[in-house]
Amino acid sequence: MIIIGRLVRFLKPFVVQAGVSIVLGVAAIATSIGLLGTAAYLIAQAALHPSIAELHIAIVGVRFFGLARSIIRYLERWVSHGVNLRLLGQLQRWLYRTLVPLLPARQTLLPSGDVLHRSITDLENLENFYVRFISPSLVMMVTTIGMVWFSGLLSPAFWPWVAVGLVGAGGLTPLLVYAFQNKPTLRQVETGAALNTRIVEFIQGMEDYLLYGQEDFILAQVERLESTYHHLQLRRAHYRGLGDGLSLAWIGMTVWLVLWFGIDPVARGEFSGVLLVVLVAVILASSEAVSAILQGAQNLPLALHSARRLLELEGMASRVAVGGEVKDKSVVRRPDILVRDLSFRYAPDMPLVLDRINLSIPFGYHIGLLGPSGAGKSTLIHLLLRFWAVEQGEIYLGGVPLANWDEETLHQTFMVLEQRPYIFSETLRGNLSLGAPQADESQLWWALEQVELADWARRLPERLNTWVGNLGLQLSGGERQRLALARVFLSEAPVIILDEPTVHLDWTQATRITGRLIAWAERRTLIWITHLPYGLDWLDEIVVLRQGQIVEQGTPQELEQGRGFYTRMLNLARRYANGFAA
Ligand SMILES: Nc1ncnc2c1ncn2[C@@H]1O[C@H](COP(=O)(O)OP(=O)(O)OP(=O)(O)O)[C@@H](O)[C@H]1O
């Protein structure tokens, strides 16, 4: 019920249109009943050979209901599909708004295939909830009340049977269908999501699977999931068939009871035979509303499970701090960074990844964040970007607590080159201008020059307009890295964070590009993350992280003269380099 309540709130903006669609739905069923009722009256009355004048009203009624039924049904579909499409748009917007703050940090919790499943299949299932459940339920209720009232009007002997029959067919049977469908549907949704996840993983990791000879194993998993999925689909179809049969039995029983209790009074002349025929016809006509609600009950578990999966994203999102608004825009252009007593763990039952970190990075400083793998460097940056909420300690940006920065301004302040930069299935131009849509042709070429990709780009068949599709897989590791670095050169952000920026580059090229980066970032803050203590003399300060703690801090020269962790790393690195050279 809570889920249904949360779903109904999405309908709020379209409540008028939804109301109109329900009224039209009731009117469409009413005209169907009217058509069958007047047609039955006409045939039954005609059998008694009355004068044509006596049949006149019934003839007009048949014409009217016949015409009105098509027009009203058309209008009802038009309005309800309009509501549906707008609703789908609203749900999609809601989903993307929910996913955006969630994805950077929680990718590990949501495999890409699962996100795909949620954003396509789950949304589609949810769409059915409104058109196939809410509206038919209300139409069924009104139809039942209307039919009970009409049969009671004809004779008090009939209405209890009509009430029992319609409640059985349109109330109890859908409930039974829902109860039986619930479990297999839950399993079907989960199996479908697992299937999607496996398929996306298989495609993304195809190279490795082939290399390790694991393709048969993965394909067997996919086939197993697929066969479970089809088996569950079959089971659901089976219950659906049972539901259809059961509701028909209820309607048939109602007709039978009405005839059983009606024939004697007709024989005794106490009740009109024509009206008895009309009553039977309208009961049969009301089964149109029954079949709609049965379809709704069939889809309800699917919609509810999908809704639960979608709404749980909201719960995850609320754990990430939501920003306010930075009033003083001047701090946005020259923000100092201050980290005070920051501790962090990924989950309450996990160990501390950062332990009482204190750090001050004045604007314009070039600082190196050094430490072995797993020291917590990326975590510190992700907290700075507010991918995760700070729970212990504080981070100030430009003197303003990080939580008070709005998302958009925060993202304009930072340019981040992640360890595995993402190359989009796009043209070279599209990939370059991602963070700098204002950049003109000459700026794009300038950026390519800085990363030594301009000659390569000139040789491409369509130069900047060449498709570097398939997530950049047709580029070499070094080309991908330099393309991502070219994006950095186009950025206007005041704080630049580069996570292992020269990985995949050869030593001489890395040195040249680093030199250009240093010069370019002269009036910006630069945070250079690395685990190699090489060639860092140009930095204003180096902070050494180890097991989540700052173990050393100072200028490169100060650290080199000391006997700490940094010197040990440096000596080790030199020994390795000499060993290789020898
Ligand atoms: N999403 C996550 N959930 C749980 N633990 C995580 C998550 N991300 C990182 N960790 C753990 O936090 C610790 C610090 O990881 P982090 O990525 O910050 O290290 P790092 O210094 O950047 O390492 P590297 O140089 O290898 O990138 C590691 O032990 C890692 O396993």
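Cβ coordinates are placed from backbone N, Cα and C, and glycine is handled just like the others.
The domain 'ABC transmembrane type-1' annotation in TrEMBL covers 20-302. TrEMBL lists 337-572 with the feature domain 'ABC transporter'. Taken from TrEMBL, the feature transmembrane segment covers 20-43, 55-72, 129-152, 158-180, 245-263, 275-294.
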Looking at 20-43, 55-72, 129-152, 158-180, 245-263, which one has the highest count of Cβ pairs under 8 angstroms to the transmembrane segment (275-294)? 20-43
Any chance the transmembrane segment (129-152) and the transmembrane segment (55-72) have 3 or more Cβ pairs under 8 A, given the pairs are 6 or more apart in sequence? no
Folded-back contacts onto the transmembrane segment (55-72), same chain, C-beta under 8 angstroms, at least six residues removed: 24, 27-28, 31-32, 34-35, 38-39, 41-42, 45-46
For the transmembrane segment (158-180), find every same-chain residue at least 6 residues outside the stretch whose CB is under 8 Å from a CB in it, and list them. 140, 143-144, 147-149, 151-152, 239-240, 242-243, 246-248, 250-251, 253-254, 257-258, 261-262, 279, 283, 286-287, 289-290, 293-294, 296-298, 300-301
